[in-house]
Every structure is written in structure tokens, then in C-alpha cells.
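Per Swiss-Prot, the feature transmembrane segment maps to 25-45, 69-90, 105-125, 170-190, 218-238, 280-300, 312-332, 339-358. According to Swiss-Prot, the heme b b562 binding site annotation covers HIS75, HIS174. What Swiss-Prot records for HIS89, HIS188 is heme b b566 binding site, and it gives similarity to another entry as the kind of evidence. For HIS193, the entry in Swiss-Prot reads ubiquinone binding site.
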Amino acid sequence: MPHHYILTLFGLLPVATNISTWWNFGSMLLTCLALQVLTGFFLAVHYTANINLAFSSIIHITRDVPYGWMMQNLHAIGASMFFICIYIHIARGLYYGSYLNKETWMSGITLLITLMATAFFGYVLPWGQMSFWAATVITNLLTAIPYLGTSLTTWLWGGFAINDPTLTRFFALHFILPFAIISLSSLHIILLHEEGSSNPLGTNPDIDKIPFHPYHSYKDLLLLTLMILFLFIIVSFFPDIFNDPDNFSKANPLVTPQHIKPEWYFLFAYGILRSIPNKLGGALALVMSIMILFTIPFMHTAHLRPMTFRPLSQLMFWTLVSTFITITWAATKPVEPPYIMISQMTATLYFTFFLSIPILGWMENKMMNIP
């Protein structure tokens, strides 16, 4: 493996011949990041971080700025595409055992957390009704921290409630964090290319490698083209598909929406939070739903790396996928039966998958007579 990183990244990188389409999502994520930074810059030029003007400045961008509507929709829907790609990317890592490359996995999960923080701050910026109340509910979870909670919340808000200082600092954070994401992405790619990608069989690919360019670069380009086509179809014909109707009204602290919920890509974590009636317990479960991903490399006990030849793990993996979808759906519903029970069952199943990894590994070793 050559150690000239710049050359290695562009073309000379030796890659296994048998990596499938599931390995394309890294380059798609890089494209999403570039798109978000570019559209975000043009939006920031016209945006005003003031509670009296923020909502009006978004209307000004969509109505008066040339192609402002396209920039705004590309940025909002691009965020959804970003999360679709990152969730598939993580699912592929779980299925094919990519997490055994520990440094790459750890940097990737850190990237996910940074991305989620950036997206949350961005959701608050339009200062719509749902933006305001989602920010109030989520930041208010800090008060669940014993002793420090109230002080931390006041410090984050810049006052005793969400107000102008909160919006200003959220805009500053939303602007600066993408640069942290770019730095972490570079680190992620360098760490990956130290060891090299895994492959669907989980075998050592050193005996059969080909240059990344032109073989895999053209394969990446196909899916990239399809993603951009899909993105522009949504932007052109269904621009409000991911928007909440409440967010078309300006934030009003005196009127609470009937059902407060964040963007769809946070709903699985929000569903886990809501499934626990205790505030501190819910906040801990919310944090653990992401943090548990850090533990996976240390829980792998199977002798085979991917799930390709491990039927029990496959069953649990697809249960996790269906659980993720179900909990996302349940979190869009009001807090009433049967949705409370569905959320609690799916939250339990979600954590069961991660806790069952070592047990399933041992069982599969026994089934295959591997000592």
C-alpha cells in the first residue's frame, strides 16, 4: 500500500475487485458535503440571524434572490440525502464488518455525531414554528443533567429562554461545524486507506486488487449521477416533501404545536427518547442510541468478519433495519396508544441487536464448529 496520500486518493489506490455498490456511498457522502457547503454559503450571504428577520430572510431568499428557491431547496433536501446515504453507509459497515477497522469506524461515528449537531442547528435557523419548538424541547433535555443541567441550558440559550442570542450562536455553530466535518472526513479517508477497504466476502483482498481509477471511479459515477438526478427531481417537483407544515408559520412562543417533532432523520432517536416516561432516562437513551455504535468493534466475537455467511446475525440485522423504520414512523405519531407501546417495543429491539452481537458470534462459531 503506497503512503503518498494525495496520489493514493486519486487513482493509484489499490481496491478489492469484488466490492459492490454498497461501497459507493462514501463518494456520494463526499458529494453531498460539497453540495451542502456550496449551497450553504450562498444562503448564508442572504440570511439574517435575528429572531425578527430570520423568517422574512428565508422568504426573501426564495422569492427575490435569483435561484434562491433552488439553493434553499437543494440545501434542505440535500441534508435529507446526506442522512439517507450516511445511514446506508453505516448499515453496510455493520453488515460487512467494516467496524473491525477500529480507527476508521470511530472517526466515522464522530463524524455522524458532528453531522447530527450541524443538522439540528440548521433546522432551527428558519425560525419557523416547528424549528423553535423542536429547539426548545431538545435543548431543554440538558436540564435533566443533575446539578449542572439548568446552568448548562441557560448558558446554551444565552438567557432564560430561546431568544436572539440562541439563534445567533446556532447560526455561528451551523456555519463552523461543516469545516470540522471536512477535517474529520479527511481523517476518515486517510485512516481507511491505511488499512484499505473490506469486501463482501470478508477475505484478505491483497491477492486480487485493481486501481480505483478507472474501474471503481466509473461505478461510483453511475450512482452519483442517479443520486443527483433523484435530488433534482425532488427539488423540482416535490420540494416540500420533507417539510413540516408548521414550519411555514413564524415561530410563536405563545402557541405550542399539537405535535412537536424534529426532522425525519432524527425521528428514530426522538422515538427512543419518547418511549421512556422519565426525562433523565429518555435523555440517556437518546444519547446511548448513537453512542452504542462506538462499542460495536469490541463486541465482535464471530470468526467470520461479514454477515454474508452468518444467518443468525443476518436475521438480527434485518430486524434492526425494520426496527429503525418502525421507530421512525411511530415517532411521527401522537403520544397515545398504540404508538407508545410500539415505540417502547422497537426501542427495546433496537438496543437488543447491539447487545446480542457477542452472543450470536459465539453461537455461530459453535454452529460452524470453529473453536
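A Cβ is built for glycine as well, from the same backbone N, Cα and C atoms used for every other residue.
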Per Cβ pairs under 8 Å, the stretch of 25-45, 69-90, 280-300 packing most closely against the transmembrane segment (218-238): 69-90
The transmembrane segment (280-300) vs the transmembrane segment (25-45): 3 or more CB pairs under 8 Å: no
Leading contact stretch, 25-45, 69-90, 312-332 vs the transmembrane segment (170-190) - CB distance under 8 Å: 25-45
Non-local residues, at least 6 beyond the ends, that sit with Cβ under 8 Å of the transmembrane segment (69-90): 22, 25-26, 28-29, 32-33, 35-36, 39-40, 42-43, 58, 61-63, 108, 112, 115, 119, 122, 227, 230-231, 234-235, 239, 241-243, 263-265, 293, 324
HIS174 (heme b b562 binding site) versus binding-site residues HIS89, HIS188, HIS193 - nearest by Cα: HIS188
Cβ packing number for HIS89 (heme b b566 binding site), 10 Å threshold: 19
Rounded distance in angstrom between the Cα atoms of HIS89 (heme b b566 binding site) and HIS75 (heme b b562 binding site): 21
Nearest-integer angstrom distance between the alpha carbons (Cα) of HIS188 (heme b b566 binding site) and HIS75 (heme b b562 binding site): 24
Distance, the residue listed as 'ubiquinone binding site' to HIS75 (heme b b562 binding site) (CA atoms, angstrom): 30
Per DSSP, three-state class assigned to HIS75 (heme b b562 binding site): helix
